[in-house]
Structure formats: structure tokens, C-alpha cells
Amino acid sequence: MKQTKRVYFFLFIEFAHFQTIPLLSYLRGNADSRLYMDFAMPFVHIFVLNGLLLLFYFSSYCYFSQGGGKNCFLKPMLINFTGPLLFMSRGSALYMIFGLFLLYLMSGRKAIKALFFLIPTSLIVLFLFGQMGNLRMNDPEGKLILRWGGASQKFEESFIPKEFFWSYVYTTSPLGNLQNAINQKKNFKDESFGIIPLIVNEICPMFISKRLNVSEPQDKSNYYVDPTMVVGSTYFDSYLIWKWYGMIIVFGFILFYVFAMQKVVPKNSAFRVPMYVVLTILTFFSLFDNMLVYMGLVPQLMFIYLLRKKCI
């Protein structure tokens, strides 16, 4: 709890700096549409976001290690999970839930029982994911995402909650955009071609790359299946920068993180299992977005490396 209090101290500094709590602003309907994107004090938010994520995985690991139930790790679990909800980070909340499920399976619980709860739990998570998306767009009824995503009239008139359309869009558009970029095979500008733009923009965390200001492709919209769906998996931008070479190099860096972390973190480290969770999130969610540049992932691996000698 001591570490969680420190992280929340800096989170409250952010609340004071922006003079708002994003979740409350969206619930009241008086939030700017960009609030959830602009809510980030330089460097402070990196510490807050990564601290909450790693502490959640660690407290969840300890919770299951103690047999579950109402043990002393339940409270820090819930407190750490609340943080991303307060500043409306859907991705972070989704990663936490995904990590919690992984830890549940790794704890030795019955797989059949886990799968029994997986379907209803997944539906609830996907519904809330869509609900948060509507709130962030100040569109409680979800009409904007239906129009932007090209939802059919049949779907709009169906009994299916429209919040689930968010999940459909985020699942299908990344690979669709990547395939569209590969199929077009356009010539790329020299200013965005080569190893330096690739390393800086597609491998360095975003809090570093945006300060280096290295040029990147400016014609991305030409490759989107739909101009409103701007996600293209980890490999979309790397293909635009250096075609297949770019994709292979980025994939190589993902493998490097996976194998290097397993080598440097001892098997008896208290952060060995949380490390597996973070690496699984890195590899799985790379299907949907570039997790290497996401400021809430690579710093976690740095924290784990620094804390690797803490034993169970």
C-alpha cells in the first residue's frame, strides 16, 4: 500500500494541475472531447500509469498466491484498478482485466471454471469498453461510432447493445488497415524511409520519440480502409516507413524484449510472474496497436528490471 499511496499522490497532483477528474467530467457531460488524451503531465503521468499497472499485476499475483478470498491484497488490487478509470484510460483498464485473467489461470485454478466465467465476464468488459468510448466522445447513445464505423441499418435496429460495436471496430480495423497498406504498395517519401525513423517512431516509447521530432509518414490516411479508423496493429507504420524490412525489425524487437527479460529476471524474483503478464500483453495486443511505443508498457519492464532482485 505504501507504493500505491505514492503513485496516487502524483495522480492527485495531475488532478490538481488539470483542475478536474476526467471520469467525473465525462459523467457530468462537461468534458472536452480531448480531455482523456491531454490528461498527462510530462513524466509524471508515465510514473503514475506504469506504477498503477505494475502494482496491480503484483498485488493480483500476491492475492492469488495467498489463495484468493478476502486476503490483505484485495484492497490494493481494487485501488490500483480504480486509477485508470479515474482518468478514463480504457486501454489500461482492459490490460488490467486481461492480466488478472492470466494470473487467475496461472494460479492453478480449474480451467473449466475459468472458461465458464470467461464468456459473461468478457461480454461485460466489452460492453463497458464501448460505454467508456461513448462517454469520451460525449455521445451517450453511441450514434457517432455507428456512423463512423459504417454500421448497417440491420445492426442499428437489432437488439444487440450498440456499445459492442466499439469492440468490433477495434478488432477488425487494425489488420484491415495493414492489409490495405500492403496491397497498395505505394512509393514512400525519402524523409520517412530508413532505419532511423523506424527506430525512433516505432520502437522508442512515445514519450521519447515525440521529443526527438524525427519525420514519419504524413500520408497515413491514404491507407486506412476508413479514415475514422486509425489503428493498424504494431506493423502498420513500420511498413509505411520501411516496408517488410520495417515489419521484420519491429517483430525482432518484440522477441528481444520477451527473451531478454526472461534472461535477466531471476526465477525466484517476486516480479517474475508479473513480468510474464506484461510480456504477454506486449505480444497479444501488438495485433491491435504498437505496444512498443505505448508509454504504459516498456517503462514497466524497466521497473521490473530494477526490482528484479527482490525475491519471493
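Each residue, glycine too, has its Cβ placed from N, Cα and C.
Caution: TrEMBL annotation is automatic and unverified by curators.
Annotation source TrEMBL lists transmembrane segment at 7-27, 39-64, 85-105, 111-129, 244-262, 274-307.
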Please tell me whether the transmembrane segment (7-27) and the transmembrane segment (111-129) touch - that is, whether there are at least 3 C-beta pairs under 8 Å between them, with each pair 6 or more apart in sequence. no
Cβ contacts under 8 Å made by the transmembrane segment (244-262) with residues that lie 6+ beyond its boundaries: 195, 198, 202-203, 234-235, 238, 275, 279, 282-283, 286, 290, 292, 298, 301, 304-305
